[in-house]
Amino acid sequence: MKTILIVEDDFHIQDIYRLAFLKTGKYTIETASDGQEALVKLRAHVYDLILLDVMLPKVTGIDVLRAMRSPSSTTRETPIILITNLGQEDIIKEAFKIGADGYLIKAQFTPMDVVAEVNAFFEQMDQMKQGASQTENLAPTNLPIPEQQGADANIIPQQTVATSASTVLPSSTISPAIPPAETGLPTIAPTNPQSTPAAMQSTPITADPVPSPSIPETTPNLSPSQPSQTPAESLIPTTPSPQEGTIDNTTPTPSNSSETSVDPNRGQS
């Protein structure tokens, strides 16, 4: 059975909370009416939980909380839930900063609600302790590692074998997943053609390819469809011979030919 200390200066409220917890049959209840009385009882007894009011005579609840959370105090690990009518944000922040485990406002919780909150708090603490103990049992840290002997020494998990094999094999026996041409590294031509595959021998790679400086001796032939070059004589208009006696009017006559043209029959008459 767990023991709770209720620190409350209002005797009526103190008695209501005490009866509400006693009805559950799970708790033993002790009370204190001011902060100084609470500190005296905390030095003489060990409690499972402290329900602490903030506005207390002689010593305030914040000062009691600060004394309980001091490094030299034996109650620095005792759970403390503040229960008060003060709902100021600065007081709540200060209480949690000092080390309060919870904060309940009296106007928002009935006595039975306070009991329910305390029950849930203890259940959560038990679950945390069970989880911590299971973690310690699953992962022992101080146990010596037994030596493998006999047949047990050959039993290795399959995943461990696969990992070890991949690290022991030389890199030359593992085919690369990416072709060398795609890695961005320069490809060096092999020095021994006999040990080189046929695909690599057919296309040797030179380190510094230089374009050939030679100029072809012959001019490439023109395609058959291209017309042949016209001789220079075909560009000069032809003049009819004196025996023909006629002039081709269709051919354009140069300006100098019109001055020298003479009818050959005029001299014979």
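Even glycines carry a Cβ here, placed using N, Cα and C.
The following features are taken from TrEMBL:
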{"type": "COMPBIAS", "residues": "189-205", "note": "compositional bias 'Polar residues'"}
{"type": "COMPBIAS", "residues": "215-248", "note": "compositional bias 'Polar residues'"}
{"type": "COMPBIAS", "residues": "249-261", "note": "compositional bias 'Low complexity'"}
{"type": "DOMAIN", "residues": "3-121", "note": "domain 'Response regulatory'"}
{"type": "MOD_RES", "residues": "Asp53", "note": "4-aspartylphosphate"}
{"type": "REGION", "residues": "167-269", "note": "region 'Disordered'"}
DSSP state at Asp53 (4-aspartylphosphate), helix/strand/coil: coil
CB contacts for the residue listed as '4-aspartylphosphate' [other CB atoms within 10 A, all chains]: 26
